[in-house]
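Data block below; observations after.
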């Protein structure tokens, strides 16, 4: 790769299809690979792919991403989640709608979704698809509820052993708590600007 | 500017009312990323015509039933601010603004790779700050810069310019007076690298031969504007990369 990064703008000619396979940030027009976004060209000589690394990446969740969201509705088999961002310190300008199905809620069998999440919970989940509504999964230990309120008195629940307990009214609530429950530190990829 | 209804002489000694040659553009200024809250924005000036464009998205569609299952909906609003014209313009959307919103949207749609973002919306807002002819073409130019600034994949940038016929002469990038008293006004927008025209309107009368010449003149102007667009984008991002 060249030392001086080469900036391209939409429609800039990159190569012909036979030289490099078009990858992200590019498109093919009449056999010619062209740039679709403003960014830096990356020619991968090993896999023979050409891509454009955007100067300002779009902030849209895609399959495999970790997101946080607030549960806005719960039914027996499905919960609706307002997906706020990749972490709570750096939210999207506009939230996306996500769905958590009972089959994706936990590694173990659950009777109904109320054992997993409740209205108003903040959850961390993995995105499974690339379109709206986003399908979410909380199957891994790091996914699940990261902040929950007592359904009786509204206090923030604390994790004791594997249960969530209200420090005020001492009621015990069923949730699929993440191992990061109440550990609301910024994620390792840190804050993005703007 | 011009008092009375008499038609002024638009071509004197081969020069136009503002001293330009017939195939000369007005001084052009383009700036990218001027608004902080928008995902992408651009400011474009063609002489005294000054247009601001902002892009939001791709974001979730509200109301939901508007969303398309296979691609993004592109919504475009063109608006002239109350103080943009010589006489105060009512802020209510006029018939003309609604029509131009549609025309500009259709000029941009072929460039946007909307199939990459199903069930989302891309919102484009075009505000005319000062109107002196050629606002729709300046709007298209500004909006395509704002789309590129937002990081939305585009097949090409779209640039636009109007060609007019005044006192029997074909002139490039007509201003308000030339539009008002001229014989014809033809706005054109195109994607030069792909050789595709995305907007072509004609108000007035041109012979087939004049039409061909006018189109060639418009494409010549578009090519120049297009180079300025690319330069404006590069300038913006080279300065951000250095920070």
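Cβ coordinates are placed from backbone N, Cα and C, and glycine is handled just like the others.
TrEMBL does not curate its annotations; it predicts them automatically.
For A:150, A:153, A:166, A:169, the entry in TrEMBL reads Zn(2+) binding site. Same-chain residues at least 6 positions away in sequence with a Cβ under 8 Å from that of residue A:169 (Zn(2+) binding site) are, in sequence order, A:150, A:152, A:153, A:155.
According to TrEMBL, the feature domain 'S1 motif' maps to A:64-129.
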Counting other C-beta atoms within 10 angstroms, the emptiest spot among the binding-site residues A:150, A:153, A:166 is A:153
Apart from the site residues A:150, A:153, A:166, A:169, the 8 Å Cβ neighbourhood of the Zn(2+) centroid comprises A:151, A:152, A:154, A:155, A:157, A:167, A:168, A:170, A:171
